[in-house]
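Comments concern the structure below.
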Amino acid sequence: MAEIRIRNTEERIKGEENVRAFLESQEVLYEHWNPSKLPASLQNKFVLSDEEKAEILATFDEEIRDLADRRGYKTWDIISLSDATPNLDELLKKFENVHTHTEDEVRAITAGKGIFIIKGTDDVGYFDVELEAGDVISVPEHKPHFFTLMENRQIVAVRLFIETEGWIAHPYADPVFQK
Ligand SMILES: [Fe+2]
């Protein structure tokens, strides 16, 4: 289940209802899928064939279509990252810059872990959302954020798009942000 860390105060927010309420106050959508629907062989696999990606999408087809119907997503795919990904360090360096998009960034984690770092309201500042399998998040359009992996450096996620061009990253220079 997702956990929040407020960077300015080191406060942590745990528990589904608390996390959901906090994220709602920050206009970030949070939902949860049942990660154990996935065959055991895919719950801990980070190098995926096209067939395995299709199997993950088929497993969560109902959840994906429900989310897409409610929020207007038209296409979806699977992304996987791990130490087997070519140039992972370079990729992460590229990811770890605060940016915005013209559409929301939605990710449903199906295996592994990851963190969204998001610029909250002025009273909150930047906060981390630590995500694990089953967590579904949508960072609203124009909200500064970035994504990175956790120590295990392994993740599989479903991405959903309204327009595939809509999530081009626009850099957001923020003197307030500290790594
Ligand atoms: Fe992004």
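Here the Cβ of each residue, glycine as well, is placed from N, Cα and C on the backbone.
What TrEMBL records for H99, H101, E105, H145 is Fe(2+) binding site. Remark: E105 (Fe(2+) binding site) has S138, V139, H145, F147, W167 as non-local neighbours, by Cβ distance under 8 Å and separation of at least 6 in sequence.
DSSP gives H145 (Fe(2+) binding site) a strand state. Annotation source TrEMBL lists Ni(2+) binding site at H99, H101, E105, H145.
Residues or ranges marked as site 'May play a role in transmitting local conformational changes' in TrEMBL: D104. In the three-state DSSP scheme, D104 (site 'May play a role in transmitting local conformational changes') is classed as coil. Residues near D104 (site 'May play a role in transmitting local conformational changes') in space but far in sequence (CB under 8 A, at least 6 apart, same chain), listed by position: L29, R71, S138, V139, P140, E141, I162.
Long-range Cβ contacts of R107 (site 'Important to generate the dianion') within its own chain (separation 6+, distance under 8 Å): G114, F116, L131, V136, I137, S138, F147, A157, V158, R159. Sequence annotations record features per position, and here TrEMBL assigns site 'Important to generate the dianion' to R107.
When Cβ atoms from all protein chains are considered, those within 10 Å of H99 (Fe(2+) binding site) total 17, not counting its own. Of all the Cβ atoms in the protein chains shown, 21 others lie within 10 Å of the Cβ of H145 (Fe(2+) binding site).
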